[in-house]
Amino acid sequence: QICNQHNAEAPNLEQALHRMAQTEPNLDHDVSWFLLPSYWAKMVVALISFLCFANSYDGDFVFDDSEAIINNKDLRAETPLGDLWHHDFWGSKLSSNTSHKSYRPLTVLTFRINYLFAGGFYPVGFHVINIILHCTISVLMVDVFSILLGGLQFSNKGRRLNLAPKTSLLAALLFAVHPVHTECVAGIVGRADLLCALFFLLSFLGYCKAFRENKEGHNFSMFWVLVSVILGAVAMLCKEQGITILGLNAVFDALVINKLNVLELIQKLLHKDKSLENAGLLRKGLLFRITLLMSGGASILYIRWRIMGTGPPAFTEVDNPASFADSLFVRAINYNYYYSLNAWLLLCPWWLCFDWSMGCIPLIKSVSDWRIIALVALWFCLIGLICQALCSEDSHKRRILTLGLGFLIIPFLPASNLFFRVGFVIAERVIYLPSIGYCVLFTYGFSLLSKQAKKKKILAVAVLGILLINIMRCALRSSQWRSEEQLFRSALSVCPLNAKVHYNVGKNLADKGNQSAAIKYYREAVRLNPKYVHAMNNLGNILKERNELQEAEELLSLAVQIQPDFAAAWMNLGIVQNSLRRFEAAEQSYWTAIKHRKKYPDCYYNLGRLYADLNRHIDALNAWRNATVLKPEHSLAWNNMIILLDNTGNLAQAEAVGREALELIPNDHSLMFSLANVLGKSQKYKESEALFLKAIKANPNAASYHGNLAVLYHRWGNLDLAKKHYEVSLKLDPMAPGTKENYNLLRRKLEQLQKKG
């Protein structure tokens, strides 16, 4: 029930509100909303935030999770912990030219702990931690919003007073159920944003604690200021945005602790007024604290710069096309359009997409483009809010609007392209922190409307309806993030011009064996982006498997022409050329791939196959040996070495290679089978039999395993067992080459023996 009635804590709350009302207007006074004790308010926020994203707990690893978690060697126990401090978020060395320079070692450390506790790559534990983190952050938001909306005041006992219990609860609920947060919570790589937000808020609350004994700004706790700086550094080690909390703490100090009037200060600076101290700028401790915050921030950034190196991250035009535009006008106008789209996602989070790059948002190239209206509307609203934040005579309004705008804009600055190029057009995850500012502004607007409205309960019901719609949207979006198929397909209606969306749908279909459907989406990806080399490579691979070799060669040739250092495309081109019996061209393609990727075991393996086809046995063995040196568990390379040595009569060498391979990969049944064949030819029947039986136990439905074991028994003179395994082999594969002939020979021999008997 929505009401203004009080509960058991109401008398104390009323006294606090009365004291606050003596100095400035009370935001809760005209708001018709739930009034709950602090403990219950936090419980409600935690429960609702949990319900929004609970259905993502058993989701798969999707999208970027593969690179950041499954393929990230920093998660494995064999990687020294110290390497985390020299690698980026994706496990690459920060010094590498291909590194994105995303330095988040503490986030990677939590992934590693998840991996170790789960005993492998089981996504449930990863998802559960993300949900818990979001619930914790949402609960902390109750305290944060009570400060941003109600101000910072303490009781005589040093306990912070919540002077806006109703509006802080509403703002926290708005934050907890915002659908734009789904990517951070349901996508495991969103852990970086969640951890960053957690320490970001703890830094802010820690900074507020520094003024528990404050008397008009003169006394503060140096300990809590330093704790706040350290927590800001921890937030930055989770994600780069974390460093912005130091700037926000400085803004909060000036506006709330020192009650600085920014407009008055600007006017005095312009008129060179000597009474700046009266404006609050030189009030005891303010400049010192701001200097401390800025010095801490500069030191943190310097250390990070030294670790990261001087080279900027390497991004491509498809990642962020506006940043590659030659015209400053085109860059500026598109950046502002991106800002307006981010604002729209906060206002109306209905069209959500896992990726907004690759043509999803075409560039604005002239002022005649109707989309200019969006950025005009954005700046009209921002300028209006800024004017109210600076010029209003109501200090309460100035404070709330300035803090709301500060929390909206400052955490977004690292993603704004203003200071450096970023690797995306829009990323829903980067507005996790800025949404704090949006919730402040929304709640303040609601309070102003409530003040003017005659039927306050109708307005409250409308806001409650928004919350319920957002809860349902969160649940729906979370379910889409549970699998790659649902996630990728959900983007087709939002970004139909995004080549990466079609590519990912195609890749997902290809992984499931639906090649015909995959071809359709890969072709559409190439049509939308004629320079999309990864789509060309994957499409070429499928066409190669379908024996459409001419088109496959054309696509792969175009891919390496567009990106000459694309090693995988060079290797696949070599495979196609080998199939077309263009052996010299194939060899050249393989060596070009190896030139661009020195450690490329699969390419050495395919090169060995080429040499084997050309009867260049020594070269083939050397190529396969290189593959196994680079990748000791490369079963196919080991197998081919054994088979080639066996076929060329080098049984002793084949046996040695087989034994070496099984020491490295002891449970590989194909290696057991190959070595068993060699041992059988060497008349080591007992050992050969043991390996055959072990291979059959691991793979009982392999007809060739039973057939070759039958041949062994046939040679060995154990005819009954030979007959048994011939029959099993023929039952599994009636067309098995040679098996039927051998079986008929055995039957004639058994008949002859019976006649003699």
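Using N, Cα and C of the backbone, Cβ positions are placed for all residues, glycine too.
Keep in mind the model is a prediction, meaning the values are calculated, not measured.
Record features (TrEMBL):
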- 39-57: transmembrane segment (TRANSMEM)
- 131-151: transmembrane segment (TRANSMEM)
- 163-182: transmembrane segment (TRANSMEM)
- 188-208: transmembrane segment (TRANSMEM)
- 220-237: transmembrane segment (TRANSMEM)
- 286-305: transmembrane segment (TRANSMEM)
- 311-383: domain 'DUF1736' (DOMAIN)
- 372-391: transmembrane segment (TRANSMEM)
- 403-424: transmembrane segment (TRANSMEM)
- 430-449: transmembrane segment (TRANSMEM)
- 458-476: transmembrane segment (TRANSMEM)
- 499-532: repeat 'TPR' (REPEAT)
- 533-566: repeat 'TPR' (REPEAT)
- 601-634: repeat 'TPR' (REPEAT)
- 703-736: repeat 'TPR' (REPEAT)
Item checked: Other parts of the chain folded back onto the transmembrane segment (220-237), taken as Cβ under 8 Å at six or more residues beyond its ends -> 103-106, 195-200, 202-204, 206-207, 209-214, 243, 245-246, 249, 285, 289, 292-293, 296-297, 300, 304
Next item on the list: Residue list, the transmembrane segment (188-208) vs rest of chain: Cβ under 8 Å, 6 or more residues beyond ends.
Entry: 61, 63-65, 68-69, 89, 104, 106-107, 110-111, 123, 126-127, 129-130, 133-134, 136-137, 140-141, 143-144, 147, 152, 160, 224-225, 227-229, 231-232, 234-236, 238-239, 241-242, 244-246, 248-249, 252-253, 411, 429-430, 432-433
Next item on the list: Take the repeat 'TPR' (533-566) and count its residues per DSSP category (helix H/G/I, strand E/B, coil), listing them in that order.
Entry: 27 helix, 0 strand, 7 coil
Next item on the list: Could you tell me how many residues in the domain 'DUF1736' (311-383) are helical, how many are strand and how many are coil under DSSP?
Entry: 36 helix, 0 strand, 37 coil
Notebook entry, point to check: What mean pLDDT does the predicted model reach across the domain 'DUF1736' (311-383)?
Noted result: 89
Item checked: DSSP-derived helix, strand and coil totals, residue by residue, for the repeat 'TPR' (499-532) -> 27 helix, 0 strand, 7 coil
Margin query: Just to be sure I understand, if DSSP states are collapsed into helix, strand and coil, how many residues of the repeat 'TPR' (601-634) fall in each?
Written below: 27 helix, 0 strand, 7 coil
Notebook entry, point to check: Which listed range (131-151, 163-182, 286-305, 372-391, 458-476) shows the maximal number of Cβ pairs under 8 Å with respect to the transmembrane segment (430-449)?
Noted result: 163-182
Next item on the list: Mind checking which residues of the chain, 6+ beyond the ends of the transmembrane segment (372-391), have their Cβ under 8 Å from one of its Cβ atoms?
Entry: 262-263, 333, 336-337, 339-341, 343-344, 364, 397-398, 401-402, 404-405, 441
Checklist line | Positions whose Cβ lies under 8 angstroms from the transmembrane segment (286-305), at least six residues beyond its ends | finding: 103, 217, 220, 225-226, 228-229, 232-233, 236, 243, 246-247, 249-250, 253-254, 257-258, 280
Check: Near the transmembrane segment (163-182), which same-chain residues lie under 8 Å Cβ to Cβ, leaving out any that are not at least 6 residues past its ends?
Finding: 13, 16-17, 20, 26-28, 31, 33-36, 38, 41, 44-45, 48-49, 52-53, 56, 134, 138-139, 141-143, 145-146, 148-151, 153, 345-346, 349-350, 352, 428, 431-432, 435-436, 439-440, 442-444, 446-447, 463, 467, 470-471, 473-474, 477-478, 481
Check: Under the DSSP assignment, what numbers of helix, strand and coil residues are found in the repeat 'TPR' (703-736)?
Finding: 28 helix, 0 strand, 6 coil
